[in-house]
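Enquirer: Okay, here's the structure, questions in a sec.
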Amino acid sequence: MSAVADTHAQEHHHGPAKGISRWLLTTNHKDIGTMYLVFSFAMFLLGGTMAMVIRAELFQPGLQIVNPEFFNQMTTMHGLIMVFGAVMPAFVGLANWMLPLMIGAPDMALPRMNNWSFWLLPCAFLILVSTLFMEGGAPNFGWTFYAPLSTTYGPPSTTFFIFAVHIMGISSIMGAINVIATILNLRAPGMTLMKMPLFVWTWLITAFLLIAVMPVLAGVVTMMLMDINFGTSFFDASGGGDPVLFQHVFWFFGHPEVYIMILPAFGAVSHIIPAFSRKPLFGYASMVYAVGAIALLSFVVWAHHMFTVGIPIAGQLFFMYATMLIAVPTGVKVFNWVATMFRGALSFEAPMLFAVAFVILFTIGGFSGLMLAIAPADFQYHDTYFVVAHFHYVLVPGAIFGIFASAYFWLPKWTGHMYDETLAKTHFWLSFVGMNLAFFPMHFLGLAGMPRRIPDYALQFADFNMVSSVGAFMFGATQLLFLLIVVKCVRGGKKASAKPWDGAEGLEWTVPSPAPYHTFATPPEVK
Amino acid sequence: MTSEKPQAGPARRSTTRVVGWCMTAVLGMFAFGFALVPLYEVFCEITGINGKTGGRYEVTEVSEVDVNRTVEVQFLAQNGPDMPWVFKPEVRSIKVHPGESVTINYVAENPTSEPMVGQAVPSLSPSEGTLYFHKTECFCFNQQPLEAGERTEMPLVFIVDRELPEHITKLTLSYTLYDQGKPVTVSAGQSKNTTTNENG
């Protein structure tokens, strides 16, 4: 184990190891990125299956398929798996693959920790999913796990849920530290902060958000753990605690968390729209500042999730206006994307289709968010399907479409082959129609007063629920097509050139496709 | 396996520094999560927004009674989970003048065949009135032990502050009675398992 031997091995530019140990022991950012993406897609299918159970039960009024207890477990697990298992790891996977390529670094700054932070995730989700088979069932208190529902009244498996959240939290924090260290230290010579690609910028800010709020999440589940098992009374009124405190601490984490799930998508879309508009991004600097402003504001709006618990009028006004203020930087971003497309030489390949749909549909989700931000109106909307419609509009065509757009955009770089454009467009259109069919009627259901998290509903909601379920089945089934497209693309297809998109910019297009196992051993010069 | 770069000297040192800063931030935010608990307590105590009424109020000077103004005070009682006691106020609602000291009783009865201890936790609505509702004597300051079948009257002495904002004409005081288990025998040393004065 001498330094000489190490240097010697280095000079040979070894490829990946063979067999399973390649994946277990790898410190290569591309391997780890691939594992993150595969894992997140597996979780997406699992969480999606749960959504199908939910929509099947809600297809008609009455109780048909599952009992209410299991229904509650499905909504809870669907939320937890989609948030922590599908969306977040997908973005970490994209970060692993693309950040070093975009900033001209040979790898992530902390490759061994990178391996560790990935492999914690399957462990965390094994624990979480195993609660489904435990006595008393899986967590059934909603993904927001409000106390005392999750403490005094939670199932015995809650302790396993807490442990799983701890592990996935540690994984996220390590991932975030790695991203920060990589971006701050490993940029190619000449790449100043304001020359960084936007995906890098958004991920840097996301990583800071993760570091700021994941420990608070760890703190709140630790308090739950102590309330459940060690007789403390953080959230128990009989011992002097306060259940509302839970909501404050949770949403102090929870609101920045929703930006953690969307900011990297903002970054990716800011690459894709210019590439297919064949124009540089409009307003680069304002995009950076807008993301920063959104991130900062996300820390002072948390109580808009809890207007109905009884907040003094001054507090309601503060959180209402602060929330509405977020529309300003978000609006800047939407206008910049539109301005980028304006008079561009547009072409609509799959990544662009997803990116344009992202801009339009995310804006709809933003508008319903503004409606929810109005404190007096929120008293009507609170805990109805309108809220479900809102956050699915920002997360499905927001985060998920952003991930699909990124996947199609960079698949040629990852695999060396072009994906099947016809199938990809089919995937887009079926997803687009299915998703809108599934979630748009939920706005009407919510305004008409249908509460969320219920397995049965009044008869007047039947028609819209049936439409919604049909859309959900369509969206769900379509995702198998995505699996097929990716498998096809990995196995073969038209050879991709180093830069398959003529309008694309960035260092990642200067390396051959597929990207070699080791890239940028010598840093490129950025002018 | 190894991917250390030969010329990684300065870069590595600064990576250590970045990781150090990040870890400090992580630990700091973890601590902040817990610091939110006392911060929230203090914030609520100052503003009264969570409806938790204060502890024992010391009357320093006999305040004048504002006979021109009448405030209705309603009393509610409810039982915490699995609390078998009968628990109710003697009056549902009374009209008081701000500044006057009023005494009312709550009644508790232990219908079980076991001695038990109860603890009442108060909450006032609207929370805006919390700061203006003073209790000089309250059964909620202490735990209440009751023998099997025993019944007791529990007094509450309160003053509605003359400074109560004009637009508040009605205050609702709600007590939730929680089961605190069996009484701890005096010979065991401590007669109370926990101090609950903070519940006030």
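Note: Cβ is positioned from N, Cα and C throughout, glycine not excepted.
If you look up TrEMBL, you'll see A:23-527 marked as domain 'Cytochrome oxidase subunit I profile'. The annotation transmembrane segment is assigned in TrEMBL to A:35-56, A:76-97, A:118-138, A:158-186, A:198-225, A:245-269, A:281-303, A:309-332, A:353-375, A:387-411, A:423-446, A:466-487.
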Enquirer: Would you call the transmembrane segment (A:76-97) and the transmembrane segment (A:309-332) in contact, using three or more Cβ pairs under 8 Å, pairs 6 or more apart in sequence?
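Expert: No, since the transmembrane segment (A:76-97) and the transmembrane segment (A:309-332) share fewer than 3 Cβ pairs closer than 8 Å, they do not count as touching.
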Enquirer: Could you give the residue numbers and ranges of same-chain residues that sit at least 6 residues beyond the transmembrane segment (A:466-487) on either side and whose C-beta is under 8 angstroms from one of its C-beta atoms?
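Expert: Sequence-remote neighbours of the transmembrane segment (A:466-487) are 41, 44-45, 48-49, 51-52, 55-56, 58-60, 396, 404, 407, 411, 419-420, 423-424, 426-427, 430-431, 433-439, 441-442, 445.
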Enquirer: Could you tell me the mean pLDDT over the domain 'Cytochrome oxidase subunit I profile' (A:23-527), as a whole number?
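Expert: Over the domain 'Cytochrome oxidase subunit I profile' (A:23-527), the predicted model scores a mean pLDDT of 95.
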